[in-house]
Amino acid sequence: MGSLNTSSEEGFILVGFSDWPHLEPIFFASISIIYSLTLFGNTLIIILSQLDLHLHTPMYYFLSHLSFLDLCYTASTVPQLLVNLSGLDRTISFGRCVAQLCIMLSLGGTECVLLVTMAIDRYAAVCRPLHYTTIMHPLLCRALVVFSWVGGLVNSLIQTSLVMAMPLCGHQLNHFFCELPVLLKLACEDTGGTEANLFVARVIILVCPLVLILGSYAHIAKAVLNIKSMAGRRKAFGTCTSHLIVVAMFFGSGISTYLQPVHKYSEGEGKFVALFYTIITPMFNPLIYTLRNKDMKGALWKVLGRGTDSR
C-alpha cells in the first residue's frame, strides 16, 4: 500500500491530448463551443419543462432529469479538460481524482437506470394507452427517479471502493480525467479478482438496463405493427425514435469502454471514445429531443412569444 500512499500525497498527471500538441488549440475551441451548446440546450429543456403546462407529463419529467444529468456529467470533466488543453495545469490531486471517478460512475449509472424508466414510460404510453395515467402516477415517477439516482450512486461506490483498495504505481494517467480502466492499469498487483468483481457491477448497471430497454421496445414494436392507421404508426414510432437514438449512443460508447478487459483497453482510442459519451452525447440529447418533438418546439415558440395555445 506504499504506492497508494505516495499517489495520495502527490496526485496524478493527466496526459490528456498532449501527445498531439498541434491539435490542442483545435480541441480547446471545439470543446468550448460544444460545452456552451450543451449548457444552453439542456438548461433550455429543464426550463421549458417547468414553464409549459403541456410538458407536465411523465415523459418530460424524465427528460428534464436526463438534461440535469447531462449538465452534471459535462461539468465534472469538461472544465478540467479545458484547463488541461490550455496547458495551465495537468495535475489532479488524489482526493479530487477519487471524487471525480465516483461522480462520473454515479452519473453514468444513474443515466443507465433513468433510460430504463423512460423506456417503461414509452411502453405504457404505446402498449397501455387507456391505463397510462394510472400506471405512470406522479408518485411512481418520483420513485423511479429516486431509484435511478440511488442505484447509480450505490453501483459507483462499489466500483470506486474496489479500484481504490488496490495499490497504485505511478502518477501519470494517459487520459483527460480519472477514468476507471486507466486507473486499473496503474495497479501494482494482479487485477484479475478486482476486474471480475467490477465486471459483475458493470453488467448490472449496463447490460441489465439495456436488456430491459430492448425488451420494452420489442413489445412497443409489436404493438405499433398492430396499429392499422399509418398516421398512428408514425406517431407511435416518432415518440420512441428519439429515445432509441440516445440509448444507442450512450450504451454503445459505454459498453465499448467498460465491458472489455483492461489489457485490451487502448488509452489512445479510449480518450476519443470518452469524448463521445462525456461531451458529444450530452450535446446531442437536447437536439434529438427538441428537433423531433413538436411539443417541445411548440413550448419554445410559445416562450419566445410566437406560439399559440392551439396545441
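Every residue, even glycine, has its Cβ placed from backbone N, Cα and C.
Just so you know, TrEMBL annotations never went through curation; they're auto-generated.
Among the features that TrEMBL reports, transmembrane segment is placed at 26-48 (among others). Counting only same-chain residues 6+ beyond the ends of the transmembrane segment (26-48), those with a CB under 8 A from a CB of the stretch are 17, 55, 63-64, 67-68, 70-71, 74, 78, 81-82, 85-86, 275, 279-280, 282-283, 285-287, 289-290, 296, 299-300, 303.
According to TrEMBL, the feature domain 'G-protein coupled receptors family 1 profile' maps to 41-289.
What TrEMBL lists as transmembrane segment is 60-78 (among others). Sequence-distant contacts of the transmembrane segment (60-78), counting only residues of its own chain at least 6 positions beyond either end whose CB sits under 8 Å from a CB of the stretch, comprise 31, 35, 38-39, 41-43, 45-46, 49-50, 100, 103-104, 107-108, 110-111, 114-115, 117-118, 121, 141, 144-145, 148, 176-177, 246, 278-279, 281-282, 285-286, 289, 295-296.
The transmembrane segment feature in TrEMBL is assigned to 98-118 (among others). Cβ atoms under 8 Å from those of the transmembrane segment (98-118) belong to residues 59, 62-63, 65-66, 69, 72-73, 76-77, 80, 92, 141, 144-145, 147-149, 151-153, 155-157, 159-160, 163-164, 177-180, 183, 205-206, 209-210, 212-213, 216, 243, 246-247, 250-251, 254, 277-278 of the same chain, restricted to positions at least 6 beyond its ends.
Taken from TrEMBL, the feature transmembrane segment covers 139-158 (among others).
Under the heading transmembrane segment, TrEMBL lists 199-220 (among others).
Sequence annotations record features per position, and here TrEMBL assigns transmembrane segment to 241-260 (among others).
The transmembrane segment annotation in TrEMBL covers 272-291 (among others). Residues of the same chain lying 6 or more positions beyond the ends of the transmembrane segment (272-291) and with a Cβ under 8 Å from any Cβ of it are 31, 34-35, 37-38, 41-42, 44-45, 63, 66-67, 70-71, 73-74, 77-78, 104, 108, 175-177, 179, 242, 245-246, 249-250, 253-254, 256-257, 297, 300.
Note on the transmembrane segment (139-158): residues 58, 61-62, 65, 102-103, 105-114, 116-117, 120, 201, 204-205 of its chain, located 6 or more positions outside it, place their CB under 8 angstroms from a CB of the stretch.
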